Amino acid sequence: MACNCQLMQDTPLLKFPCPRLILLFVLLIRLSQVSSDVDEQLSKSVKDKVLLPCRYNSPHEDESEDRIYWQKHDKVVLSVIAGKLKVWPEYKNRTLYDNTTYSLIILGLVLSDRGTYSCVVQKKERGTYEVKHLALVKLSIKADFSTPNITESGNPSADTKRITCFASGGFPKPRFSWLENGRELPGINTTISQDPESELYTISSQLDFNTTRNHTIKCLIKYGDAHVSEDFTWEKPPEDPPDSKNTLVLFGAGFGAVITVVVIVVIIKCFCKHRSCFRRNEASRETNNSLTFGPEEALAEQTVFL
């Protein structure tokens, strides 16, 4: 019974018996499930370019009828059939193909490009196509976090200060640590969020510390095999000399006492001067009376006044 099957969109019909076609489909399914049995593992950053090697040593023979497929899991990236290159829409304008080594170059990497890629080479033998080479390449992609930003976030109590560390734009999922002299400190309010569209992570955490001593605290963010960090330095405020306050108090008290004494002395002097003047005036008046009226008249006048 005839069997007409098509390997992929817009490719010629495969003219070989159904058992071999079924075997090929089983192979492609296994390619989409491969996680560890890969020939090579590569790690790149977002916006980088990567060369995925096919590792195929082609014999010196006619290659015009070879079929080369690059796939990512169960999705086709590009195909070369009868010398004609076809690139699938998701990879158009950002892929290059080396027709001598069958290598694939992807430009402007994005996070969605990560995964396991397979290079399949088929050759025509006795009228049918057989798989002659299979290479698996696992591509990991990371996005670098921004340099952490540490800010002061108030004082929960008199001798306690709170700081916040923040970073964004990274991938894969980060791990956060507060460190001082190599010792991990317990942070609070640590949050990790991921943007559903870009898949990039944002992370923030807070830490409370005692302000009565000096500190050098590190905010450390690890993601994949990379990390970023930032240091925060705190120096306790200088204290006043132990006797400076007492000196100021004593000086103020002494100055006040001096002013008080001066005021009292001035008042006493003014009072004495006034009293002395009053007595001199009285004595002068009595002398004048004695000279004017004589003793008897003066005595009579004094009696009248009494």
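Along the chain as shown, residues are numbered 1 onward.
Heads up, the Cβ atoms here are built off N, Cα and C, so glycines get one too.
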Fill in: Disulfide-linked residue for CYS119, taking Swiss-Prot as the record, within CYS54, CYS219
CYS54
Practice prompt. From the candidates CYS18, CYS165, CYS277, select the one that Swiss-Prot records as forming a disulfide bond with CYS219.
Written response: CYS165
Practice prompt. Look up CYS219 (disulfide bond) in the DSSP assignment and reduce it to helix, strand or coil.
Written response: strand
Worksheet entry | Alpha-carbon distance [CYS219 (disulfide bond); CYS119 (disulfide bond)] in Å | 43
Worksheet item: When DSSP states are grouped into helix, strand and coil, how many residues of the domain 'Ig-like C2-type' (148-229) land in each?
Response: 0 helix, 56 strand, 26 coil
Discussion item. Restricting to the chain of CYS165 (disulfide bond) and a gap of 6 or more, list residues whose Cβ falls under 8 Å of its Cβ, or answer none.
Written reply: PRO148, ASN149, ILE150, PHE176, TRP178, SER204, SER205, GLN206, LEU207, CYS219, GLU230
Practice prompt. Using all protein chains shown, find which of the disulfide-bonded residues CYS54, CYS119, CYS219 scores highest when you count other CB atoms within 10 A of its CB.
Written response: CYS219
